[in-house]
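Taken verbatim from Swiss-Prot:
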- ALA26, ASP27, VAL28, LEU29, PHE30, GLY31, LYS32, THR33: ATP binding site (BINDING)
- 56-63: motif 'Walker A motif' (MOTIF)
- 158-163: motif 'Walker B motif' (MOTIF)
- GLU163: active site, for ATPase activity (ACT_SITE)
- ASP293, ASP446: Mg(2+) 1 binding site (BINDING)
- ASP293, ASP356: Mg(2+) 2 binding site (BINDING)
Amino acid sequence: MARSCVTDPRWRELVALYRYDWIAAADVLFGKTPTWQQDEIIESTQQDGSWTSVTSGHGTGKSDMTSIIAILFIMFFPGARVILVANKRQQVLDGIFKYIKSNWATAVSRFPWLSKYFILTETSFFEVTGKGVWTILIKSCRPGNEEALAGEHADHLLYIIDEASGVSDKAFSVITGALTGKDNRILLLSQPTRPSGYFYDSHHRLAIRPGNPDGLFTAIILNSEESPLVDAKFIRAKLAEYGGRDNPMYMIKVRGEFPKSQDGFLLGRDEVERATRRKVKIAKGWGWVACVDVAGGTGRDKSVINIMMVSGQRNKRRVINYRMLEYTDVTETQLAAKIFAECNPERFPNITIAIDGDGLGKSTADLMYERYGITVQRIRWGKKMHSREDKSLYFDMRAFANIQAAEAVKSGRMRLDKGAATIEEASKIPVGINSAGQWKVMSKEDMKKKLNLHSPDHWDTYCFAMLANYVPQDEVLSVEDEAQVDEALAWLNE
């Protein structure tokens with residue numbers, strides 16, 4: 001029969017030395033010297049009955065140090081329970097639990113006898129005589145499943161809530177309702193993605209501070225700018241990407257602060273009007289792009305063709321409106337004919353035609369190929385972004401395109417047409433940051449229902465231009481080249 005670690009004098013010596021000195025324990029057991037920021041988390045969490053809430057930017061090492069906290073709590077307190085909570089179970093496995101595995105490997109290499117008493121599996125960590133009781137567990141708190149968090153009780157209990165900003169108030173009600181013991185602790189960790197909810201309150205009305213000495217939480221901010229683990233090059237890159245320290249995304253993902261304002265309109269009217277008068281210098285290798293928004297649904301009654309000069313990619317993209325065409329009450333067949341007539345490659349060499357690829361836009365795109373042999377680029381901006389980084393920043397391609405277009409306006413890389421419709425639409429695009437920390441543009445249905453705003457057909461074409469690929473207008477294409485372009489576009493449109 002397995003013996004408990006409490007019978008081993010070596011374990012008792014570790015407890016005597018490090019139960020209340022986790023900073024030293026991190027060094028001795030795991031070979032990790034915590035940064036001054038990580039020290040703050042450790043010093044708060046190692047206190048009996050502590051309630052700690054941490055906002056953090058990228059790269060501060062919070063997941064690594066949290067894994068060490070979880071292991072030490074289990075090691076030093078007989079019968080202890082650590083509950084790792086997140087909206088998705090896989091989120092914990094990919095984050096904190098990954099570090100538990102690597103740090104535990106270091107600990108047993110330094111103190112091999114520990115492996116006799118503590119068992120690590122793919123999804124749990126427990127004392128050999130206390131499986132299911134003296135243990136680290138993972139629980140999901142996805143909406144509708146909050147009651148699964150109930151039933152946790154122990155003399156020494158630690159809840160660790162990952163990405164806490166996205167956890168529902170109902171889940172927190174269940175969790176905090178279990179913290180009835182003298183040494184029941186809670187540690188919240190997250191980027192500060194939304195200015196509401198329990199996690200937000202833990203840094204404001206529930207936080208211990210000079211004006212609120214009876215608050216519940218020790219609130220800690222980990223700013224990536226101040227972390228010795230974050231290279232200055234990363235900070236410079238994020239400043240350039242987000243456009244300044246006060247940009248909401250920079251505040252959330254770098255400074256670890258709740259943004260001053262995250263909901264409102266994408267652009268102000270003065271910014272839009274300046275963009276109609278601005279002189280934008282196009283880069284070498286620019287190409288012609290015609291973006292088409294097809295009327296249909298959500299109160300729309302106009303189709304728009306926007307012919308533009310385009311150069312560069314992403315935050316280097318420059319866009320100059322050349323011609324804006326608007327049509328009322330035209331059929332898909334009529335619109336396809338107008339696109340073919342207006343986007344003449346003899347006048348606009350190598351012009352790329354991009355059409356919204358859903359709804360009636362799909363029919364128009366099909367007609368362009370069936371009647372005129374033209375393969376258009378279909379904009380499917382309801383789809384998700386491709387890279388992990390982009391997925392973390394943008395809810396979908398529509399959000400990416402709108403944010404990129406707005407940044408182009410603000411930084412002087414886009415010239416808009418002077419039409420009243422464009423000015424009105426561009427200055428009334430409702431945008432915000434959701435609980436996952438992603439930019440999200442209000443749906444067109446909600447724009448109409450909540451704000452009585454019509455579909456921004458003209459502005460949408462400028463957003464399409466941030467997604468469209470183009471061919472330099474002075475590039476000579478052979479028949480084989482054109483076939484390759486058509487093949488590539490067909491692949492993109494799948």
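Glycine is no exception: its Cβ is also placed from the backbone N, Cα and C atoms.
As the structure is a computational prediction, the values presented were derived from the model and not from experiment.
Sequence-distant contacts of LEU29 (ATP binding site), defined by Cβ-Cβ distance under 8 angstroms and a gap of at least six in the same chain, are TYR18, LEU72, THR106, ALA107, ARG110, PHE111. The secondary structure of VAL28 (ATP binding site), as reduced to three states from DSSP, is helical. Reduced to three states, the DSSP call for ASP446 (Mg(2+) 1 binding site) is helix. The motif 'Walker B motif' (158-163): residue composition by secondary structure is 0 helix, 5 strand, 1 coil, according to DSSP. Other residues of the same chain near the ATP site, with their Cβ within 8 Å of the Cβ centroid of ALA26, ASP27, VAL28, LEU29, PHE30, GLY31, LYS32, THR33, are ALA24, ALA25, ILE68. Annotation note: THR33 (ATP binding site) sits in a coil segment as assigned by DSSP. The residues of the motif 'Walker A motif' (56-63), classed with DSSP into helix (H, G, I), strand (E, B) and coil, number 2 helix, 1 strand, 5 coil.
GLY31 (ATP binding site) is surrounded by 12 other CB atoms, counting those within 10 A of its CB over all protein chains shown. In three-state terms derived from DSSP, ASP356 (Mg(2+) 2 binding site) belongs to an extended strand segment. The two recorded residues GLU163 (active site, for ATPase activity) and ALA26 (ATP binding site) have their Cα atoms spaced 23 Å from each other. ASP293 (Mg(2+) 1 binding site) carries a strand DSSP state (E or B). Among the binding-site residues ASP293, ASP356, ASP446, the residue whose Cα lies closest in space to that of LYS32 (ATP binding site) is ASP446.
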